[in-house]
Each structure stands twice: as structure tokens, then as C-alpha cells.
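Report on one structure; see the data block that follows.
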């Protein structure tokens with residue numbers, strides 16, 4: 001019993017220490033005098049790796065999720081004769097929940113794991129240490145551009161995911177099932193609120209971007225610099241990011257949409 | 001004291017360092033004279049690389065002083081530490097080249113970060129550094145295309161890019177063929193003689209390191225067990241020193257890792 005309490009205490013201390021280290025990492029990366037001439041090219045490069053290279057998975061997933069959503073929605077709505085509301089159903093489901101959450105999960109799986117593995121390998125091959133010994137702060141040169149790239153790319157990826165998802169809904173609802181295009185689009189136009197739906201979608205997206213990028217970067221930076229350590233860190237990134245995104249989604253949804 | 005500070009670039013006084021509860025160094029004392037090659041030798045896993053990281057300020061000791069040109073490294077502020085690091089450099093065992101940059105860009109990296117040189121000047125400076133390690137022809141190659149020896153030479157060119165006062169070599173001969181080993185020995189000696197660089201060479205390749213070292217230390221049991229010129233060390237009567245220098249399998253450092261009684265261990269299996 002005493003051992004169990006001791007283990008629980010140790011785990012709590014470890015978690016608090018880990019949170020402290022991750023906070024210090026982010027603080028060290030983001031706080032300081034900006035050096036635009038040196039940091040901007042690094043940021044552009046990371047936009048490409050984090051954002052552009054995630055586009056294909058986002059577009060394909062968005063398309064299929066939109067199509068499935070429309071198909072399921074159509075089956076249910078036709079039983080009530082309400083298939084004209086299919087556009088609203090697809091748009092609201094994507095904007096409020098599926099867009100930010102699924103884009104976040106895909107981002108964690110594609111870009112997050114890549115960030116962790118890259119930084120972990122840089123640590124294992126002593127590239128981060130060599131940078132420190134060259135009097136170059138790896139937090140500013142390695143962590144900061146990747147964090148900002150994740151922060152700015154995720155909302156864009158979410159927007160693309162939602163847009164492609166709606167187009168997937170159009171393909172199924174309008175082109176396949178023959179719902180009138182005017183009904184489809186007007187139901188979206190009249191029921192989607194700029195702030196309540198679109199604004200909250202982006203707020204969620206920014207929150208998920210911060211959480212998943214932070215987790216990915218910290219797992220790489222703090223990993224045990226061995227092949228097993230990097231493998232574990234990469235897995236942790238996907239698992240922790242997914243859980244945090246889903247947990248945060250519930251909290252944000254409760255705050256945003258409950259009266 | 002002032003005289004001592006002028007003569008020694010690095011001084012370690014009563015330094016103790018622990019990893020968790022495991023002591024790595026206890027009351028360690030060591031000096032590295034300016035403009036000399038100082039070797040630090042010892043068995044694998046004894047903490048030689050850790051010592052270099054302590055000198056470079058990447059680790060902080062629990063007690064004692066580590067002076068670099070008279071300034072205590074562990075008590076420096078972060079910004080001061082980064083300033084001081086411009087005057088020191090480290091050649092890592094793996095080379096630690098940036099894998100996404102060419103050899104040229106690797107060498108240019110610290111110059112671009114710290115100096116606002118016009119590109120033609122920087123270009124010539126990088127080529128001069130690469131020429132000094134014999135890799136001017138490999139400027140456009142990527143690190144993945146280099147052999148182990150070439151990668152270490154490219155890393156050396158990067159390490160001397162900012163003309164530091166001190167270079168720390170972490171196992172520079174490990175895993176090298178005899179030719180590459182000879183090239184690195186020659187480069188360290190040339191850098192020391194022509195540029196007056198202070199060098200700390202951590203290695204367990206006794207013959208190579210003693211051939212270029214002005215002074216050598218042997219580390220064991222959490223402190224320096226012997227120090228002197230190569231001749232002095234060769235004539236040292238300490239059994240631990242003799243075992244290390246002669247490469248004897250058994251001695252004060254036992255062949256067998258500490259374990260319970262052999263017969264007892266075997267009888268457990270029978271029972």
C-alpha cells in the first residue's frame with residue numbers, strides 16, 4: 001500500500017516536472033527579441049513541411065468525410081422529408097466538430113509525429129548540442145519556427161478540410177442523390193453563423209494547433225536519444241495529441257455552444 | 001592567481017557532478033594550459049564526454065568551479081554563456097553535421113548566424129576552412145554522402161569557423177581507419193601549432209592521443225588518478241595507469257563486472 005502511494009506520488013512529481021520542462025521549452029522558444037531576417041526563411045521552410053506536405057491527407061480525408069456525412073445524413077433526413085436541410089447538416093457538423101477535430105487528429109498523426117521524430121533524431125545525433133556549442137540557441141532556431149508553422153498552418157488546413165468536406169457533401173447530395181443545389185446552398189447560407197460557427201471553428205483550430213504542436217515539439221526535445229526513445233516519443237505525440245484534442249474539444253464545445 | 005589565470009584557459013576546482021544519485025565526479029581538479037594540447041583519457045563510460053559538456057556549460061556541476069579564462073561557467077547567465085561559447089568549440093563524436101545542409105552550408109552556418117559577412121567574403125572564408133581540412137572538393141556534398149572520417153573533418157572545419165580559443169574533441173579517433181586517424185592527428189597538431197588553439201582531446205586511443213598531447217590526464221574512480229607528459233605517464237607506477245596504458249584485460253579495473261559468487265549463482269539454477 002505504501003509502495004503504491006509512493007509510486008503515485010512519484011508519478012505526480014514526474015508529470016509536474018514534465019509540464020514545467022515543457023513550459024520552459026516553449027517560453028525559451030517564444031520569448032526574446034525577434035530576428036526576422038534569420039527566422040523568416042526558417043518559418044517559410046517549416047510552412048512547407050508542416051502545412052503544404054499535410055495538404056494531401058487533409059484534402060482526401062475531408063472529401064471522404066464530407067461524402068460519408070452527406071450520405072448518412074441523406075438516409076436519415078429523407079425519412080422525415082427534410083433532405084433539403086442536408087447542406088446545413090454537413091456544414092454545421094464540419095464547422096462545429098469534425099473539421100477542427102479530424103484536421104487536428106490528422107495533423108498530429110502526419111506533421112506532429114514528423115516533428116517529434118525530426119527533433120528526436122537531431123538530439124540523438126547531437127545536432128542540438130552542437131548548435132548550443134556554436135552559441136546558437138536551438139529553442140529559437142529549431143523549436144520556434146516549427147511552433148509558429150504549426151500554429152498558423154492548422155487553421156488553414158482546417159478551413160481547407162471543411163471546404164473540401166462541403167464539396168464532398170455536394171457531390172453526394174446534389175450530384176448523386178439529386179437534391180436541388182439551391183436548397184443545399186441556401187440551407188448553409190441561412191443557418192451558418194459567421195461568429196458562432198465559423199469563428200468558433202477557428203478558435204478550436206488554434207487551440208488544437210497550440211496543443212498538438214507543443215506536445216510534438218516537447219516529445220522530440222525531451223526524448224531519450226536512442227532509437228527506442230524516439231520511437232516511444234513519436235507514439236506518445238500521436239496518443240497525447242489525440243487525447244488532448246478530444247478532451248479540449250469537449251471543453252470548448254461546452255463553453256461555446258451551451259446556453 | 002592572476003598569473004595562473006593567464007596561463008590556464010580552463011581550470012576545474014573541487015568539482016562534483018552527479019547523475020541522479022550516481023557520482024560521476026567527486027572533487028575533481030584539472031587545468032588546461034593555453035595554447036597546449038591536453039588529453040583526457042580513461043575507460044569507456046567513465047564520464048569523459050560529460051566533462052566536456054561541463055566545461056561547455058551544457059551541464060552544471062553540483063559543487064565546485066569550472067573556470068574558462070577566469071570566468072566561472074556554471075554561474076554565468078544564459079546570455080553570457082552564449083557569448084563565451086563563441087570562443088569555444090566542440091567536435092562531437094558523431095560529427096553532428098546538420099543533415100539537411102551541404103558541407104559548405106554546415107561550415108557557413110555559425111558564420112551566417114554570428115557575423116554579417118558579405119556573401120563573397122563568407123564563401124571564401126568557408127572554402128579556406130574546408131581547404132585546411134582537405135575537403136574543399138567536397139563542399140557541395142551532403143553529410144550522408146561523406147565517409148565517417150570525412151564527416152569528422154567537415155565537422156572540424158565547422159568547429160574552427162569562428163576561430164575559437166578552445167576546441168574540445170570528443171573521441172575524435174573512434175571508429176576511424178588508420179588513414180583517417182592519421183589525418184585527424186595531423187589536423188589537431190597543425191591547428192594547435194599554427195593557430196595556437198588550445199585543444200582538449202578526450203580519447204582512449206592511447207598512442208594517437210599521447211603522440212600529440214603536451215599533457216595528459218587519466219580519469220578513473222570519479223577523479224583524476226594521474227597526470228603528466230606522455231613520458232611521465234608511461235613511467236607512472238600506479239597499477240591503474242599501467243593497466244590502462246598497456247591495455248591489460250585484468251587488473252585494478254577487473255575483467256568481471258561485480259557479481260555474486262559464481263558457484264552460488266550456478267547452484268541457484270540447479271536448485
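Don't overthink the numbers, they just go from 1 along the chain as shown.
Backbone N, Cα and C atoms are what each Cβ position is placed from, and that goes for glycine too.
Predicted, not measured: the structure shown is a model, and the values here were computed from it.
Among the features that TrEMBL reports, transmembrane segment is placed at A:12-32 (among others). For the transmembrane segment (A:12-32), same-chain residues at least 6 beyond its ends with a Cβ under 8 Å from one of its own Cβ atoms are 137, 139-140, 143-144, 147, 214, 217-218, 221-222.
Per TrEMBL, transmembrane segment is recorded for A:47-67 (among others).
Here TrEMBL flags A:74-95 (among others) as transmembrane segment.
As annotated by TrEMBL, transmembrane segment applies to A:101-122 (among others). Nonlocal intrachain contacts for the transmembrane segment (A:101-122), taken as residues 6+ away from its ends with a CB within less than 8 angstroms of a stretch CB, comprise 49-51, 53-54, 57-58, 61-62, 65, 128, 142-143, 146, 150, 153-154, 157-158, 161, 204-205, 208-209, 212-213, 215-217, 219-221, 223, 225, 229-230, 233-234, 236-238, 241-242, 245-246, 249.
The feature transmembrane segment is assigned by TrEMBL to A:143-174 (among others).
Annotation comment: TrEMBL describes A:194-217 (among others) as transmembrane segment.
Annotation source TrEMBL lists transmembrane segment at A:238-257 (among others).
Simply put, out of A:47-67, A:74-95, A:194-217, A:238-257, A:47-67 has the most Cβ pairs sitting under 8 Å from the transmembrane segment (A:143-174).
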